[in-house]
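**Student:** The structure is given below, and queries will be raised subsequently.
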Amino acid sequence: MCGIVGAIADRDVVPVLIEGLKRLEYRGYDSAGIAVLDGEQVRRVRRTGRVAEMESAAQSEGFRARLGIGHTRWATHGGVTEANAHPHVSFGELAVVHNGIIENHDEQREVLRAKGYAFESQTDTEVIAHLIHFHQSQGADLLAAVQKAVQELVGAYAIAVVSKREPGRLIAARMGCPLLVGLGEGENFIASDVSAILQATRQVIFLEEGDTAEITRESVRVFNAAGAAVERDVHMSDVSLASLELGPYRHFMQKEIHEQPRAIADTIEAVMDANAFNPLLFGADAENVLRDVEGVQILACGTSYYAGLTARYWIEAISGLPCSVEIASEYRYRKAVANPKHLIVTISQSGETLDTMEALKYAKSLGHDRTLSICNVPESAIPRASRLVYYTRAGAEIGVASTKAFTTQLVALFTLAATLAKLHGRLDVEQEGQYLDALRFLPGSVQHALNLEPQVTAWAERFAPKQHALFLGRGVHYPIALEGALKLKEISYIHAEAYPAGELKHGPLALVDAAMPVVVIAPNDALLEKVKSNMQEVRARGGELFVFTDEDSQFGPSEGVHVIRAPRHVGVLSPVVHAIPVQMLAYHAALARGTDVDKPRNLAKSVTVE
Ligand code: HGA
């Protein structure tokens, strides 16, 4: 979603801001802008559409400066217009960029209007600019004005502010949205995501909730929510620049689909090294936290929720512990009954998904203190707020539609299921060895599934003209059907629904006719015969079947039944392998329809607003 970058240096920072905003493009946005201090003036340029359009405008207007802030906006308050794009200014004196939502913006706007402030945009952000200006006009310096203003805001924010009254400093503040300071040599930076400033520095300070920071060329001072100066640790980021490059691929999604064997191998490396399901994989304290848990509650959104649904089958079957899975935005607003002996597992690729973070906070407020985060971004907010963490090592995921984050989440969750089983005396040595072998062979099986791409591409051509599609699966493959339908709708905009195959006759069968392609995930597991009966129900209504199965199922094509077979059934980890063809189907259907695969309309990568 929205992205922030800022720089103060003894060189022109405009290229740094533009490069940073380009690195944030993957998060999804609808407009972009920068504001710089040029002599006595705050100058800004904003454009709807791509950063490149804003860059051309900045170049033709000769933007150069040693201090500036930039923003990619994903609109929450006010339409996608240039007037609503950030930075927002107050009396041309100061400029603000903001990620998040100010909930009391209406009431603040009325107060500020009464004080003579006029509003040019429909955004919640503009109130921040005027509020800071008001406190400056009352005699506060920029830092104090920001500190006073944020006290009056209700909601979530990461902000960066520059003012022509104080051209030597950049002020930042955060509450509920991530923001970090990058430390350079005689120059400093801020960013909402480290990828935005990697070209300039790897040394970063993560601001904490309620922090404000004053950044000059030579110094960084951080203050906590009470206004006291505090020391925050300096971290060395190990995010790789190569993972942010497209390389020989046409889209990041395609690159990320093909990276899955490596991403899975990296994610299970520690398990393989230990050659055991060792609680230490989840943190030093894990044995204490996990040994006597009585159940598991998984909280997540979108694709991560489907990873959680898959994990429920594994956790209950392998460890014998009850497991429930809930959409984070539902959990956080209902009166839930807490059992502190249950383990709360949050799943978020970015580690900053707002609904998941808030669900975690809510769970803690109910007395849950056993918390585990499955996350792909080290040091991000959700793992930092959790007692235990398992980092998936998928590498930066740029495509908005998640692929390698999903399959690496699955292997992390499988590892959790096996570890819980071991701690609860439900995993003997022989079974542990079999599960370890299953994981060891998984990257190879995923590679075999990737080799099916030409066949899947041929199917995708047939999907491209369709308006609707139905996905079916049973048991542990039902969540893969859900994920397949989500992928297809996200990037090809074909309306797709997924059902447990046994539910077909309870409603969705009414939709089936010759125009409805029905994708079935049907590996050779204990439910195959049941799934075959469900397929008969579709054929009997003239529906066209597209079946993903494996060699062992002996299932062949017939009239109206197309079949793609993965090499062999991989047993308990079969859902990971079957995630691959549904990702490729969505990718190639989207290509055939000519959509913007990496940046599907209306969607953003890190969902940092409600
Ligand atoms: N509320 C602000 C910023 C939105 C945002 O952070 N999106 O991710 C606006 O609508 O401009």
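All positions are counted from 1 along the displayed chain.
Glycine residues also receive a Cβ, built from the backbone N, Cα and C atoms like all the rest.
Automatic, uncurated: that is what TrEMBL annotation is.
So TrEMBL says this about it:
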- C2: active site, nucleophile (ACT_SITE)
- K605: active site, for Fru-6P isomerization activity (ACT_SITE)
- 2-218: domain 'Glutamine amidotransferase type-2' (DOMAIN)
- 286-426: domain 'SIS' (DOMAIN)
- 459-600: domain 'SIS' (DOMAIN)
**Student:** When you tally the Cβ atoms that lie within 10 Å of each candidate's Cβ, which of the active-site residues (C2, K605) has the highest tally?
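**Tutor:** By the 10 Å Cβ neighbour count, C2 comes out on top.
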**Student:** How far is it from K605 (active site, for Fru-6P isomerization activity) to the residue listed as 'active site, nucleophile', counting Cα to Cα, in Å?
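**Tutor:** On Cα coordinates alone, these residues lie 10 Å apart.
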**Student:** Based on DSSP, name the secondary structure state of K605 (active site, for Fru-6P isomerization activity): helix, strand or coil.
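**Tutor:** The three-state answer is coil.
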**Student:** Pull the DSSP breakdown for the domain 'SIS' (459-600) and write it out as helix, strand, coil residue counts.
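**Tutor:** DSSP composition of the domain 'SIS' (459-600): 72 helix, 31 strand, 39 coil.
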**Student:** When the domain 'SIS' (286-426) is classified with DSSP, how many of its residues are helical, how many are strand and how many are coil?
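**Tutor:** Helix, strand and coil residues of the domain 'SIS' (286-426) number 64 helix, 27 strand, 50 coil.
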